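See below for the structure under consideration.
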Amino acid sequence: VMGAKAVTGPSTSLRLTQQRSGVSSVMVNPPFYQVTCCGPVPCTCCCHSRWPLLTESTSSRLFYILLHVGASAVCCLLLSRTVVERVWGKAHGIQMPSELCAHLFGHSHCPVLSGSGAVYRVCAGTATFHLLQAVLLVHLESPTSPRAQLHNSFWVLKLLFLLALCAVAFCIPDEHLFPAWHYIGICGGFTFILLQLVLITAFAHSWNKNWQMGAAQDCRWFLAVLLATLGFYSMAGVTAVLLFRHYTHPAGCLLNKMLLSLHLCFCGLLSFLSIAPCIRLKQPRSGLLQASVISCYIMYLTFSALSSRPPESVILQGQNHTLCLPGLSKMEPQTPDTSVAVLSAGIMYTCVLLACVEASYLAEVFGPLWIVKVYSYEFQKPSLCFCCPKIVVPEEGQRGGAAKPADQETSTAPPVQAQHLSYSYSAFHFVLFLASLYVMVTLTSWFSYEGAELEKTFTTGSWATFWVKVASCWACVLLYLGLLLAPLCQSPTQDPQPPPIFKRQCHRIISPDNK
């Protein structure tokens, strides 16, 4: 039986039907408390016949992502001044009932249930929810462990617990919540930004290393490297042209012009260093592919920063014009464009979800020090799925430690799902904890959270958000420079070893002569 798990109990009936193909199927008739996802059985048992390939770990990850998306959507609704005015008809926000406020706090000064305070309280509940699960699931090694049910089951109970945490957060007065939680959110948001930078640099480094190995063997891989490099450089170039066109103006926007020029110089410097002889001597597989990916990401961070800065107003031909934002024409007043805000927010949230998924997988493959080990991982063969090294399950008797990564030609282990976790549950919840803090400070304009509104966050922006995005772009450049220049600090007595593929090629050429 593949992909099925039997659950026995006094009120649970199982029926096994043997098919002609030799593969058994399981039909589960769970009781009511399990059908409603209140019990220890995962919800996949109810829909196994419709989606047989949906495993417990995959479905659990999807449910947690949906919870995070739903909480973020609630934060956006509570932060929107337009929604509050149209639904509740109150321009100054939603107030807690005075009777309840007097009973809880002893005075009639109630916390506001909308605006930045509501976002802080909802994110405080979701962050605490994921942090508690991350602590409880530390050192979990098997999906059949009793602690794994905490991650894969009890969905209704966990949803009620999450709502209770948010309700408790709404009962905390502003003077007790904002001072400490604001700095916790800032630290968590910066940590999540650094995590995203590590993931993107590791992605570019692994991609280039894997495909350069294939390019040394087959011209088809070389063509793939060439096309991918040209594609990323083309996207970076087109983005730079569009940014100069829509975010600069001859009468102003000097800061935007300087920032765009500086970041283009960074892209050129990184591309030159990637193919410099001194770098290639220490890293034979260093190339333009990884530099093109980083350049494209730098242009995205530049776009995110420019779309987050406040507009600039100047007087042209006796009229007041708003500059440094996308507009219809250079000769017409430029107004904020909501489509740009939606695009920026969509890309940002997609990166958040991808970071949560990829970081939890790498943490299970490489262990707690995955941030360092992922850069030094050596591939045995080129592959299209280079960013997901396979997991080798430890043999019986070997306990502790993380799973070891392996390639396809050495992977002879039994199915991974039955013996080992497909991703680190604890790391997944911890990254979601950081993601909740990142969403919180992003929606509330980081340092200037007082009076934050959704309409201003994604249209007019703020200087705090602008400089945070610029700082993250510079941190990405420094991280990639460190990745390129770190091998130069090695001892000169250590001769760089050529890649294994070159050794095999030389052996094939020399061995006939030695016979």
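Each residue, glycine too, has its Cβ placed from N, Cα and C.
The transmembrane segment feature in TrEMBL is assigned to 62-80 (among others).
Taken from TrEMBL, the feature transmembrane segment covers 154-172 (among others).
As annotated by TrEMBL, transmembrane segment applies to 178-200 (among others).
If you look up TrEMBL, you'll see 221-246 (among others) marked as transmembrane segment. Only residues 6 or more beyond the boundaries of the transmembrane segment (221-246), in the same chain, are considered here, and those with a CB under 8 A from a CB of the stretch are 207-208, 211-215, 256-257, 260, 264, 267, 287-289, 292-293, 295-296, 298-300, 302-303, 306, 325-327, 382.
Note on the transmembrane segment (258-276): residues 236, 240, 243-244, 247-248, 286-288, 290-292, 294-295, 298-299, 302, 305-306, 470, 473, 477, 480-481, 484-485 of its chain, located 6 or more positions outside it, place their CB under 8 angstroms from a CB of the stretch. According to TrEMBL, the feature transmembrane segment maps to 258-276 (among others).
Taken from TrEMBL, the feature transmembrane segment applies to 288-306 (among others).
Residues 61, 65, 68-69, 72, 192, 195-196, 199, 202-203, 300, 303-304, 307-308, 326, 370, 374, 387-388, 402, 422-428, 431-432, 435, 438-439, 442, 458-459 of the same chain, all 6+ positions outside the transmembrane segment (340-363), place their C-beta atoms under 8 angstroms from a C-beta of that stretch. For 340-363 (among others), the entry in TrEMBL reads transmembrane segment.
If you look at the transmembrane segment (427-446), the same-chain residues 6 or more away from its ends with a CB under 8 A from one of its CBs are 61, 64, 68, 71-72, 75-76, 79, 116, 119-120, 123, 126-127, 130-131, 133-134, 137, 151, 184-189, 191-193, 195, 348-349, 352, 355-357, 359-360, 363-364, 452, 454, 456-457, 461-462, 464-465, 468. The transmembrane segment annotation in TrEMBL covers 427-446 (among others).
Residues 193-194, 197-198, 200-201, 204-205, 259, 263, 266, 270, 273-274, 279, 283, 286, 294, 297-298, 301-302, 304-306, 308-310, 375, 446 of the same chain lie 6+ residues outside the transmembrane segment (466-486) yet bring a C-beta within less than 8 angstroms of a C-beta in it. According to TrEMBL, the feature transmembrane segment maps to 466-486 (among others).
Scored on C-beta pairs under 8 angstroms, the neighbour of the transmembrane segment (178-200) with the top count among 62-80, 154-172, 288-306 is 288-306. Away from its own ends, the transmembrane segment (288-306) comes close to residues 200-201, 203-205, 207-208, 211-212, 225, 228-233, 235-236, 239-240, 243, 247, 256, 259-260, 263, 266-267, 270-271, 273-275, 324, 344, 347-348, 466, 469-470, 472-473, 476-477, 480 of its chain (Cβ-Cβ under 8 Å, at least six residues beyond either end).
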